[in-house]
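What follows is a set of notes on a single structure, which appears directly below.
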Amino acid sequence: MSAADVQKVSILGRESIHCGFHLVPYIVKTVLDALPASTYVLVTDTNVANLHLAAFQSAFDEHKLRGRARFLSYVVQPGETSKSREGKADIEDFLLLNKCTRDTVILALGGGVIGDLVGFVAATFMRGVRFVQIPTTLLAMVDSSVGGKTAIDTPHGKNLIGAFWQPEYIFIDAAFLETLPAREFSNGMAEVVKTAAIWNENEFSALESRSAEIFAAIQTPSKDFSGRTAATRSAAQQLLLSVIVGSISVKAHIVTIDERETGLRNLVNFGHTIGHAIEAVLTPTMLHGECISVGMILEAEVARQLGVLSQVAVGRLTRCLRGYNLPVSLSDPRIASLPAAKGLGVERLLDIMKIDKKNSGPQKKIVILARIGATYEQKATVVADSVISKTLSEAARVVAGIPTKSPVTMATPGSKSISNRALLLAALGTGTCRLRNLLHSDDTQVMMNALGELKGASFSWEDGGETLVVEGGQGSLAVPPKGKEIYLGNAGTAARFLATVCTLVQASAPGERTVITGNARMKQRPIGPLVDALRANGSDIQFLESQGCLPLSTAPAGLKGGRIQLAASVSSQYVSSILLCAPYAQEAITLELTGGQVISQPYIDMTIAMMRTFGVDVVREKDAATGKLLDVYHIPKQVYTNPANYNIESDASSATYPLAVAAITGTTCTIGNIGSSSLQGDARFAKEVLEPMGCKVVQTETETTVTGPPIGQLRALGYVDMEPMTDAFLTASVLAAVASMPPFKERELTDGSKPTTTRILGIANQRVKECNRIKAMIDQLAKFGIETKELDDGLEVYGKPIPELKQGASVHCYDDHRVAMAFSVLATVVNGTILEEKRCVEKTWPNWWDDLQNKIGVDVEGVELRAADSGASASTPASAAAAASAVIIGMRGSGKTYIGELASSILGWQFLDADAVFEEKHKVGVREFVAKDGWPTFRAAETDILRELLAQNPTGHVISLGGGIVETPAARDLLKAYAKRGPVVHIVREIDEVVKYLGEETARPAYGEPIIDVYQRREPWFAECCSYVFVNYTGVLTAAEEPKSNDPVLATLKPNGFRNEVERFFKHVTGQRPNLVSTDADARSYFLSLTYPDITPALPFIEELTSGVDAIELRVDLLRTSKDFDKPGPYIPSVAYITDQIAALRQVTSLPIVLTARTFSQGGQFPDNAEKEAFGLFQSAVRLGVEYIDVEISWSERLIQDLASRKGHSKIIASWHDWSGNMRWDSKAVEAKYRIAAASGDIVKIVGKANALEDNFALQDFARRMATAPGAKPLIGINMGIEGQLSRILNKTLSPVSHPLLPTKAAPGQLSFAQIQTALHLIGSEPARRFYLFGNPIAHSMSPTLHNTAFEALGLPHTYDLLETATVGEEIKAALAAPDFGGASVTIPFKLDVMPLLDSLSPEAEAIGAVNTIIPKRKADGSLLLHGDNTDWIGIQQCIRSSLAKPIVKSDAALVIGAGGTSRAAIHALHKLGFKSIYLFNRTRQSAEALVSAFPDANVVIIDALGAWPEGGQAPLVVVSTVPASATTTDPGVANALYLPSAIFAAHLHGVVIDMAYKPAETPLLTLASNVAKDWTSVRGLQVLLEQGFMQFYLWTGRRCPTRVVSGRVWAKYNA
Ligand SMILES: NC(=O)c1ccc[n+]([C@@H]2O[C@H](COP(=O)([O-])OP(=O)(O)OC[C@H]3O[C@@H](n4cnc5c(N)ncnc54)[C@H](O)[C@@H]3O)[C@@H](O)[C@H]2O)c1
Ligand SMILES: [Zn+2]
């Protein structure tokens, strides 16, 4: 055995904690030497056993010779559930069975679960045996294994039963951490950080600055047992071990002093009072350490609120925990997205805290931190509920009142702008720079992390974090490690500065690039102009997602330099970004700003001033003639020289809030560190805004004091240009709201504005800040009853006296710190104002609320918000009026009229074209009207028409509107309001197609501008006004070839996708027939999972793939555009791509679609944290009329509810997947999941994993129990895995199925539809039935082939036979009466004769007067009822529909030849299709006349000669012949046969001709058609037979016939 170097820590007086790497042989030897025993029992869980048990086994084996000792091992299931009474009993039984005695030594190898459980077994087995802790998780190493606490859980709570039982040894083998999942490692780091935070600042500093190295230590596996000896230990291992040992030493020390937890030991509960309460709500989804991490921050905030702890310390703790990927607030998406998170209410948490073991009586105790490394008391401190609840609540209410601390003197946090610049300058400079008053914010943290990752500089803290020491890197920067993207969150300044910094990175290995990215919102913020400028200068920068936004990928090649042109009208940060980096370019830079108006010049000046302090002089060019400054800057090539110290100015924007509080409350406030010499534009706020409002302002170079006029006496400003201080406009706006006195004389507006107007200009850039701040102010001020007006470049606010403002407003803050702080100023004078998201101030002033209370003297209370409704604008009618008219909008040329007419004919509704209505009303065409009266008049008139149309036709109409209707705001409002009552459908068509189409059409007014511009302007309006989107699909349908069939005739069967889709869509969205699957208790339904990255190649096969199923699941998380086909890992496909895929799919099938975005943690590819994207997608899907949306209940409850309220006629499948194999169907946990899902879903889906057959029975039990409970919803209950296949067979609603042709199964264990049917038959749930054909002669019938092929393809056990009899007699009666009778087809000559045997007839059978299908229906008492139907007419109708090129219009005519039984079906079909006239030709007029009277509504017109149509009548578009082929001829000379002239076919019509005769295939009629009417489509009789047979099959089985295989077989047999 190789020697191991261990570090020993003493606890309770013994050096029993041994720490090192790769210790297994050492452990075994030490145990055998020091703890002699007859039996050694190692207990572990399966995860750890798989990885590490063998090593122990062989180490014990090596020592076999040493006597008769036994080594046994026992493996339990992983997870908290093993820590139970049963789990304990199982181990005890194992020990007893193996005759273990008192001298046994038990080894607990595993995480805290194993340690606690095995420790407790050891504590009571034979009244206590020796045991050894070998922790394998970090949590267990630093926490649970140390201290001797053991316990198990009961249903009443965690750790309720246990004992103190000290292990003989604790072996810490840090090499185990190499196999530990990263999340578990972070979980343990929470405790490590905690221990350092209460005890040791040095330790904390190391953790704070070295998180990346510490992670690296566990992520790079050590080879050849390196680290076992000190000599082989890497620096990373050394660091890891020192962190662990340091943490253990503290805990061991505390335990030694206070073993039984009476006082000091309480300190290790820092973060645990609140953390445990959170854990109680979120377990088991969130881990202990994750909850404790949030708990620590909240408890630190409690300390800050009490005035004990500084914000610097809170900030350090926050960033340190974040560095270990731990959540630090309840709004972390990992927490907020959990359904359970809705249980995190303040009341609930306080309630849970009540039963904390540390409490004394009802008082709650919290460990209060005084600074990093020390606590306020040597024990937990009693804290009032009100303090805790204020910290916990999500919103703040400011108690209006006069600041009690006036005159206030305070400093504000360091300027964000200066902090960011100083950081970057010092990092790029040479030498050491100490930065003081640096703002501890996300932006600065992100900048530091990024510069660290680029190896640009190193950072350390002094004075408890008050000073940042920067070691400049002189501009040397390296590409981050491969694959590592620099994540910037939502830090906008950092993103803009770093965009240029990335170009400075020096060349390295080929192919390497620097990638910066951010969160979803960051990815929408513009950065395009900056990138354009850098690209133009030769930098290779790519946009990885949206053009003009992050993420950016930059090639490391240095910045070229020379002359750079930059469009600077959007953000001055682009300018600063280039200026700051410019000295490091290869050539000196001349920066020229283009694009007119330069925005925020003061920030550019600030940058230049600071560059000067760091030794670089920028020269701004002047016009030689006028001396006017030009927007051209010359920057020398030079390295920055760091000053030894740099004091960062207080943030002037932040200073506006306390100053404004003084102004609005008539009190005094002094802000130090900001004065007239300030670098920041916002420092002018006092002089240029507050003074003219009537305040007294005293400003020295470095200090500003403001005293407000008496309350209510603020003056309006008239006009103010805030261009030099744009960020302060929010503060100015809230003051302007209560500025009810007229302005000073010189500022009065002379344009007739209201006297209390404040017109703020020069702030257009504020539309693209954290939110659209101008809109935000307008909307939120409106809640106070303040009127405003939006201007291009700003806004007007009309002041009111304070008493007239509405009290109790709840202000939405848009996650924007400035909105929150500005409105808290207003709140000091308006009672009851609530700021909804108080945490958003964290960006620049995290302790604003504490300072408002403690330093200014205005009380702040915590408020819990009731489930507020989300303010999203889209609306989908959820409960629209029955038959509410459908409104159609869209671009001109998108197909509104065509689709609208088709939809109205399908719905049986009236079609209204707004343009036509317009022309009728104004007696003039739209074009002339515009020419005469101009556009504005036309738009107004058009809006009037819209109003009238909507009012007069509330139901039963399809109303198509002009493309420009959305140009008028009033019309948009009308549409948006209507969308709440009925569907507003936006027809979307590929813009290129629109352009192509419009090129040929001039009926309506020309645009007078490029169509593409019009399109871009209107698209957002269409989107905003519509509740549904119909895609007029023009994409390429198939990328693969159609499957080849043996017979060209097959090709005549076209899917007719477009018409079907119009039908499906409009019936669904109008609610006339929502396209849904029956979820009746006795119906079985299935969906096919499509797992293609791109479904278009599969489109030709969809019909076959979906045989038998009721719906199609589109796994959008698996969709990938071709460029991303092999991108592994989480992925968000674009909405546009998904829309296109859905539209393509709709062309080939009308089956309902189940849209699923399965998340990564639930077995899919959709990122778990992309909640916004997910719901954006779901919302789009609803708009597209997707019938089912699978929504995982792990998403936010609020968003799910919101979606549910907008789902229209679509349904939500609320789903939960647990792949771990640990979910028990009989547990309360699953029931809880069901309830959450049932609350928001229409269908519940719960998926587990079966380990054994029995798990499927447990699932069945569960399903049965839930089905009978109140509020039951249909359940999709499935067990994954091969063992779970039975559950797929037994599940009834929407069982997911695969198909043998699919490339991969969507989930392991998935079966095909046919397999399930076979299985159902075998287990007795699908009895075999017999089907017949009744008729004579029928020996050559194709029907048996048709139906038996279909049965076989679908795995159905039925059979179809011929029953040829002379009459309808006993044989037929017997067949009908048999218990296994499944159905029958009826043919000549029995179509009338069977009718007396039937119990009921369908209306169609009645109308046609013939039955060709008998369907048995089971009555409740089990007896059979025989129902007669007719599918012949459907066969005819289907063939016409799928062959006609255009929709049938009212004037169209059709021709039927012959007047026998079949012609009745033909007339019925043609009538149903909407033909205005049906010509009937028959040689004997009498039987023709009988038909005329049989179909009185059908307008049957008898004609005397083929080819001679009635007066004024059209030539027929459809010809159906029902006479035997042998009785017809095309030869006028043949006697005794019906002569068919070529005049039957009007050549221009593109019509359809059907010959109902089967034999021969080419009848004289069809031959004639193919000779003289090339554009006509011929349909053979066999095709009609097939179509009617498909329908028959559906009526019998409830399943769609697999038409392709069936047709293939039937044609093959026919041709044979
Ligand atoms: N006694 C105490 O003082 C004390 C203190 C804190 C926590 N606890 C208890 O500890 C338990 C939590 O402990 P935990 O966080 O270690 O959880 P755990 O024991 O469940 O382990 C976490 C997961 O990691 C796996 N795992 C363990 N070691 C591994 C390794 N080296 N490689 C790969 N996988 C590995 C486990 O199988 C498990 O799935 C809780 O029951 C808690 O109550 C006790
Ligand atoms: Zn803990």
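Yeah, the Cβs are placed from backbone N, Cα and C, and that goes for glycine too.
Note that TrEMBL annotation is computational and uncurated.
Binding site for Zn(2+) per TrEMBL: His272, His288, plus Glu191 from the candidate set Glu191, Glu201, Glu203, Glu377. With Cβ pairs under 8 Å as the measure, the domain 'SDH C-terminal' (1581-1606) is packed most heavily against 1333-1414, out of 411-852, 1333-1414, 1449-1502. Among the recorded positions listed (Arg127, Val268, His1217), His1217 has its Cα nearest to the Cα of Glu80 (NAD(+) binding site). The two recorded residues Val268 (7-phospho-2-dehydro-3-deoxy-D-arabino-heptonate binding site) and Glu191 (Zn(2+) binding site) have their Cα atoms spaced 9 Å from each other. The residues of the domain 'SDH C-terminal' (1581-1606), classed with DSSP into helix (H, G, I), strand (E, B) and coil, number 21 helix, 0 strand, 5 coil. Looking only at Cα atoms, His1217 (active site, proton acceptor) sits nearest to Val113 among the recorded positions Val113, Asn159, Val193, Cys840. Mapped onto DSSP helix, strand and coil, the domain 'Quinate/shikimate 5-dehydrogenase/glutamyl-tRNA reductase' (1449-1502) counts 23 helix, 13 strand, 18 coil. Put plainly, the recorded positions Val113, Val193, Cys840 were compared by Cβ crowding within 10 Å, and the winner is Val193. Annotation for Arg127 (7-phospho-2-dehydro-3-deoxy-D-arabino-heptonate binding site): same-chain Cβ neighbours under 8 Å, separated by at least 6 residues, are Arg102.
For Asp45 (NAD(+) binding site) paired with Arg265 (7-phospho-2-dehydro-3-deoxy-D-arabino-heptonate binding site), the C-alpha to C-alpha distance reads 30 Å.
Here Thr137 (NAD(+) binding site) is compared against the recorded positions Asn159, Arg265, His276, His288, and the shortest C-alpha distance is to His288. When the Cα of Glu191 (Zn(2+) binding site) is compared against those of the binding-site residues Lys83, Val113, Asn159, Arg265, His288, the shortest separation belongs to His288. Of the listed binding-site residues Lys83, Arg265, His272, the Cβ environment within 10 Å is emptiest of other Cβ atoms at Arg265. Between Cys840 (active site, for EPSP synthase activity) and His272 (Zn(2+) binding site), the C-alpha separation comes to 25 Å.
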